């Protein structure tokens, strides 16, 4: 009863989603967006006409102006700095625009260009000091803030009267200040255009990536050849120019040069930036975050003003929000990976009946023996991690290695070894096609093809993305084993879509159906997912009927058959279940049966733990990784089974010296070749009563002409 | 051949001497005993604030909220006395407020790990906003009868020396003692020099950092009391002024590197003298307030640039994102 409830609860409650959602970059933008919605809702309830079109247009005008400065600040913060002088630059460029227009009577286009140039120039001073002279951004912009402000004070003492006296009535100027298109204010339109460009710039263009890289790690960026100083300097120039755009709209809207223009603006913009989720210290941020932050701050300050709060309260609210946002941001950035790693592992209920006996004297097909004790060893100490072994028609032996190479041992004595091809990722399952191309599953990379002359080509590294998956499952994380059908379809298994290759035991701990079988068509080059929700699918072998494949589910402890052609196309049936160990690769035997490697044997403790998901989740949260309960892979065997799923024979290495752990085996001319992903050798075992002329690919594809 | 090398302290002192000489020769009314006393009196408060800033900067931080600590707690004393509370009770409240404020600053910086510039920028705003919104009725809090006798903290003379200068001297001695003679003074230098090494050595870095900000806030409050006593009121709008830049100017010009671990009280005194001379000279030359700010800003900028060449940032211990 209790087991049933547990199984139902873990079957229907998606535990794994929380960790997957948290590890998405967009969750960091989602939190400020939710905050914005809450603030907007609360204010619209407490203030009348808060969401009326005229009020919204007004907000949009202000948001546009502050939004430009926010974009500049975002840029500077992402590159790892800060710009406190924006308020003073705003004031100075506002003065510049009005002075040129009202006192010198320049035409509007010239005013616009000159104001932008003025802003860029003021920003360039910051840029040179911080970028090239490498001063501290905070202190430097604090100083330029006061210098620019005093310059502004000196200027308005002389010119404020002549500016106040002028009433320019120029249509284009008025349009900048108060015009709209279909009800959307001019400033908002320009902001949208620049924001879209900014988004593309930051996410798709090289300079944008340089900026993020410098903010993420200045030294690494320098070492990888990015022009750090110039990029930083240009960010401040951009900040100045963007601020001057804001000033231009402000000047056109109000046309005044009061003494307190832009005072405290830097705090507002900074609050918006941090609140939007742009990390202080650089490396993270986006245009959307900047916009959301600006909107939140603007709604709050406008709301407080409408509610007739005193100036001090406004100030306190801003400072309080700023502090809380900075704190939350800093703590989250610091603990993010730790939190995610704690909630990411989501074990589920997985019950298996008691395993068949393997002890000596108990009888049965799995009874232990010592047949593999005296196998011949190939490449002892010269090869590392041959997950799969394969032989070509010329009797040469191929095996993968941990270093990302495919090694070739030459017949007849397999003493001479060479690097057949270098791939870079760890080679796992292998298979030859009709043209003697070697197809290899590479963990973390995908499916690769190696031509007989040793050139490496990518076959596929992606499949169709499923709609309901949070993790991007179009990428191949752990392609594991493959086989090729007579029609040139390659079926290969992907063990898990939730973990990387080095984390495979955690997937076993989770015991969730995270794996899938993918089909790659060599004729069209198309890839699609054939079967989902498998518990660590591993070995794959085309069955003798040519219409189905046999595949092993390692942590399902079962062998299943998937029909890819014929009347039962698409159906799955169980061939064997409740194996005493974790099945790995499957291959053809010379007598028409199949070889199967058991990479490790089941243990009562893990079998029990698999029925207790809560226990495993607590373990994952509280105990360090190296003390977790892991599937045992220190003892294994090779078995032979027939089409009906009956075990015929088993081969063990009781002393555990040569092949305690076997991930693959391949029969060839009367010998069985053994590979293991933790081994430093390949085993060669003389089979009795085996066809001494059996060559797998001669049988599959016919003799070479 | 021995190369001539000057450290910043000597350079600043030389600049001060040259400036002082030049003003004495070219500015009428500069080198008179009255003006000298005015000069010192004007910079006494600045000097006390400089001491507070020095403690924090030596520990590789910065405290932008000093002006809030200068304005709000002393303003609270004046306001409470005006409202009929006794002077000791008001003082106690102000000191408690200051300590709480310092604790908040310290906690944010040491435990929540918010960059010090940023944390103090926000807490300063918070405290000033609190004063504006809840504590004071007017922007300038006036002296009242209950404060009688307290003005001696900033007015009059002791042994012929204006009291505010004596207060600066006392503060100098106290801070010098704390920094040079006590264990936690040595810890501050260690933390400022290399925070990670200090932590590994077993120095309780976080409590020491909190302590720095509490002491700085207390000194700031003391400066505020001296200031209020000398002008018989507390103009709380001082928060909006550029006084904090003057304080940073004093510290950086005096030769206390912003990267921490260097300098002492002597540097503050030299920096204060230079700024005092500069401001006094500009006032005599009748340069406007904005113009003075402009000159100060440019001088501060030059000082920071020079500082960055003389005390380059240690790339090994500079934090990523240390802005």
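Glycine is treated like the rest: Cβ placed from N, Cα and C.
Please treat TrEMBL annotations as automatic predictions, because they have not gone through curation.
Listed features, source TrEMBL:
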TRANSMEM  B:12-31  transmembrane segment
TRANSMEM  B:37-57  transmembrane segment
TRANSMEM  B:64-81  transmembrane segment
TRANSMEM  B:87-110  transmembrane segment
TRANSMEM  B:117-138  transmembrane segment
TRANSMEM  B:158-179  transmembrane segment
TRANSMEM  B:208-232  transmembrane segment
TRANSMEM  B:238-258  transmembrane segment
TRANSMEM  B:265-284  transmembrane segment
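Between the transmembrane segment (B:64-81) and the stretches B:12-31, B:117-138, B:158-179, B:265-284, the greatest number of Cβ pairs separated by less than 8 Å involves B:117-138.
Proximity of distant same-chain residues to the transmembrane segment (B:87-110), defined by a Cβ-Cβ separation under 8 Å and at least 6 residues beyond the stretch ends, is recorded for 61, 63, 65, 68-69, 72-74, 76-77, 80-81, 116, 119-120, 123, 127, 146-147, 150, 205-207, 209-218, 220-221. Counting only same-chain residues 6+ beyond the ends of the transmembrane segment (B:158-179), those with a CB under 8 A from a CB of the stretch are 37, 40-41, 44-45, 47-48, 51, 54-55, 58, 152, 185, 188-189, 215, 219, 222, 226, 230, 264-265, 268-269, 272. Counting Cβ pairs closer than 8 Å and at least 6 residues apart in sequence, the transmembrane segment (B:12-31) and the transmembrane segment (B:117-138) reach fewer than three and form no contact. Residues 62-69, 71-72, 75-76, 79, 101, 104-105, 108-109, 213, 236, 239, 323 of the same chain sit 6 or more residues outside the transmembrane segment (B:117-138) yet have a Cβ under 8 Å from a Cβ within it.
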